[in-house]
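A short write-up of the structure that comes next.
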């Protein structure tokens, strides 16, 4: 009702002001805009939207320090991005937006919030890592820790580490290390300095967890870094001998202290190499040897090899090597090995005689003997041993020291011999009959000899005496003076011819025992010869069979037998004398194939003569009969070896012969008469490729222009002396440096001549700068793969043109650093270029300047900071303008220009980039980000330690220059009456940061007085923390609004507190929808049975707006009544009473009073309306009537349907400027403000967007529906529904649902008041 009165009084004033031009207004949301930092330059950023009641053309604009980021289309308000945004550099800034209608200029500050994107890769804080670890480091230990930072926020700034590669790359090192999420590198397996590797290198990479960038999910990774790990050796291994086996030898007469052998052991831990001490821990001959500390084994006592005969003359020593220092287990590591020492013999004994057999002899002193006895028959044959003699000679020395000589002495030494005459070590000794004749019983019955054993080197002698007893026998038989007789007889001698008659046997015996009879024993030749038994004359028995060529020598046995049947035989060797009765015989035929030049004739004519060898009858003579090619050969007259005099040339032989040469060889003997035989030798000379091609010149020189592909370079010619086509065909080949750039084709010119044409490849041209000349080798060869070739040098010179572009020296484009804000001046770098052309004139040109901040292009901000002159010098132009915060990297894009390049070719080099890194100084103070919300404190609800407010700040500097620390400078409480009271110690602030945004969280230290009404003003300071320059600071004052207990409102429900508690979320949502406030619930309790009427429980709560103000009871009631949806939902949830419990009983009288006052006001309002109608004659009467009709027609709008056709009078189609498009006038111009009871009515009049109409039904049906609706009576007031109880509202709702089911016509609802209701 109060709003109705206020509208009536203000209406005349508003109507008076319509004649003035109204300033345009920005939409309420034109205060903050959020843009992604990867928004492309030139893309649409946002729109500036304003309304103007006068409907004047609007002009939009943007100004301020950061206006350069955007450009705006002045007539439409479309804003485009001009310079790339960067969240990491500036995540928030302010611009001034303006709109003008030609009469009024309206400005507003707009906050631009930059939304972070994943545009940065993680960066390791250091790129050179190294560490050392012990080889005994336990598995799972931390080896090293790395740190990579990503300036992005959220998952895009969450770094994930990985090990890409392990060097050395072996199977056991691949998974030897692993890296944790915090960058700690963990040992995943065991180490070994000696058995694995003493050094590892890990390739590390850091990637973020991914984020949106340019419309897609992107994962950014850092450049790889390398961690060098050195493994430190520990004393955990035993020493090792450098050799697996040690052996040496030492003479048995070696003096004490003689060095025999040196053993060597090394520490198994190669990285420590602890000294080793040696000792002998075991020996088969203790005391014979000792060892020094450095491993030298020496003789310690006298040696005797003869004591070691059963031990292979060897001494075994166990040598132990012990480390000097304890190992990691607290013990001294050691290792042992066996050493074999062989004792060498010296000649320190002489041979001795023993009376025993060698197999059973023990060589004890008891077996030693010097007198021996034996027996033998007289005239025993030579080499017959003496019986009964058991003699052994033994020398214990070894090898040549134990070698001795045996000989005989004494009176009868000539009749006997000793065996063996030489022996070593030990031997059985035999005395043998040497001269049987001297062993004659009739001459001597007993014979004595002395056996002498003499050492071969020391010449020491031992003597033993042997007594030999002779045995008598019948020992005489016939004897021939000679055992063999050589006789001769011509072959084919006549039968009966005497071969010999002078051979006779003698027998010293007389009588019958001395009578001799001769006979030829059966055998070879016994049928050719015969002997007289008495005289012993030998004669020819068969002349025909006596052929020397059949058998040249016959061996006959002539036997002489005495009367006692003892016989003796002799051998007759009869040689047949040769006569020349056989001609020479040639074996086989001779057909020889040889290759010319290299092939040689080497053949022996095989011939023989059956006549006696070694005589003229069988002595052969070889000769070559004259022929056309016989002079090319030689024949050895004695051996028959035929060979060529020199190389054979196929081309020198008559072609009709087909390469065949026929020689005639004559073979003859030297007998009388001379006999001979002839044989033909055919020699076929095979043709080979034995002539090399010959070039017509000793070398060739050609000139060719560069850049001309496929041109003819020149020709070469060659000739081949071979006569056959297969061997004189010539092909050419190129080799040498650059031969791949050329090709050669072979052509036949004529008989034995060929030509090679050298060309460039069709798709290849020469480049003078790459190679100015070529030294080619031209080879001329025949098809024979094994043949030789002729070569000649061909020099190709390239003619130069200026065709190469210059090249920038990359070393001169290495990045430089320049400090901001006028710290440096003058020349800072020099760009160097070079050109391979000989007459190049170079200039350096600046092509572009790229300005980036954290990798994002920021446009042309830095274009004037640097300049590049023609000689390549880079100068600072605007030192004071250099600003790290706007641009941290300036990239100068340069190129080199050759002024003298041929017009056909590129005169410019490739573009090069010179990066100039701008270094930061502390030139920016911290600044607070705008506080976009209001902080409200309800002392009754807030507790100690609870956060009540927060601030955010940034600093455009980097590193410590941009690190911010918050502090509270002052706290004042301003009561509603304006009194200011300082408070100290009630609040504290903590500092945190994320993505370069620092947040200060303000927390309550102690509880607040809930009765105080006012605002807490908290002054917060943000200060950076530079390491060198003075700190800079910024301040901000926050208002913390308090809501006291006077704003506590009670809502009563018809359900128990348990059901209210279960539905508290829905209740709060409905209340928030109706009030547009934040609902703070204090408690929920049941109402006692005494005071309970319709309510069973109540809920106490606060309703607080974002500006810190709170709703009173009356304001809450009005807002609930104005929202039918929320009211319906609350009624369903059990709401019955709004207000304090004690005030509910007096609500009905107050309502009656309110109705009476409303009727009085209505009468007064009618008078005021009539007066205003007379004053407002300037407005068109028809426009008012049309507007009223439009409002009435809006009552017929069906809920939930939006028309799709053009708007007509009475529809709900209104624009955002609150003007009916059909009238094209604002509602203010209609003069109907007095009809509005509130802002909701204002909206209902001017915009029917929450209503709809079904245009498919006829207008007549709509009118009828409206009439039916009017007959049902006026709609009850929302508050009356609340007071009348929950049942009435439910019944009304049920009736409406039944009506909707019975009719298909559209229903109409409009929460706004009808004009007639007013």
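Any Cβ shown, glycine's included, is placed from N, Cα and C.
Taken from TrEMBL as is:
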{"type": "COMPBIAS", "residues": "1255-1268", "note": "compositional bias 'Basic and acidic residues'"}
{"type": "COMPBIAS", "residues": "1293-1304", "note": "compositional bias 'Low complexity'"}
{"type": "DOMAIN", "residues": "27-124", "note": "domain 'Cadherin'"}
{"type": "DOMAIN", "residues": "125-241", "note": "domain 'Cadherin'"}
{"type": "DOMAIN", "residues": "242-353", "note": "domain 'Cadherin'"}
{"type": "DOMAIN", "residues": "376-480", "note": "domain 'Cadherin'"}
{"type": "DOMAIN", "residues": "481-586", "note": "domain 'Cadherin'"}
{"type": "DOMAIN", "residues": "586-695", "note": "domain 'Cadherin'"}
{"type": "DOMAIN", "residues": "709-808", "note": "domain 'Cadherin'"}
{"type": "DOMAIN", "residues": "810-928", "note": "domain 'Cadherin'"}
{"type": "DOMAIN", "residues": "938-1058", "note": "domain 'Cadherin'"}
{"type": "REGION", "residues": "1255-1318", "note": "region 'Disordered'"}
{"type": "SIGNAL", "residues": "1-20", "note": "signal peptide"}
{"type": "TRANSMEM", "residues": "1151-1177", "note": "transmembrane segment"}
The domain 'Cadherin' (125-241) - residue tally per DSSP class, helix then strand then coil: 4 helix, 56 strand, 57 coil
Any contact, the domain 'Cadherin' (938-1058) to the domain 'Cadherin' (27-124), with at least 3 Cβ pairs under 8 A: yes
DSSP-assigned states of the domain 'Cadherin' (242-353) in counts, ordered helix, strand, coil: 7 helix, 50 strand, 55 coil
Residue counts (helix, strand, coil, in that order) that DSSP gives for the domain 'Cadherin' (810-928): 4 helix, 53 strand, 62 coil
The domain 'Cadherin' (586-695) - residue tally per DSSP class, helix then strand then coil: 9 helix, 47 strand, 54 coil
Among the ranges 27-124, 125-241, 709-808, 810-928, the one whose Cβ pairs under 8 Å to the domain 'Cadherin' (586-695) are most numerous: 709-808
Secondary structure content of the domain 'Cadherin' (376-480), with strand meaning DSSP E or B: 10 helix, 52 strand, 43 coil
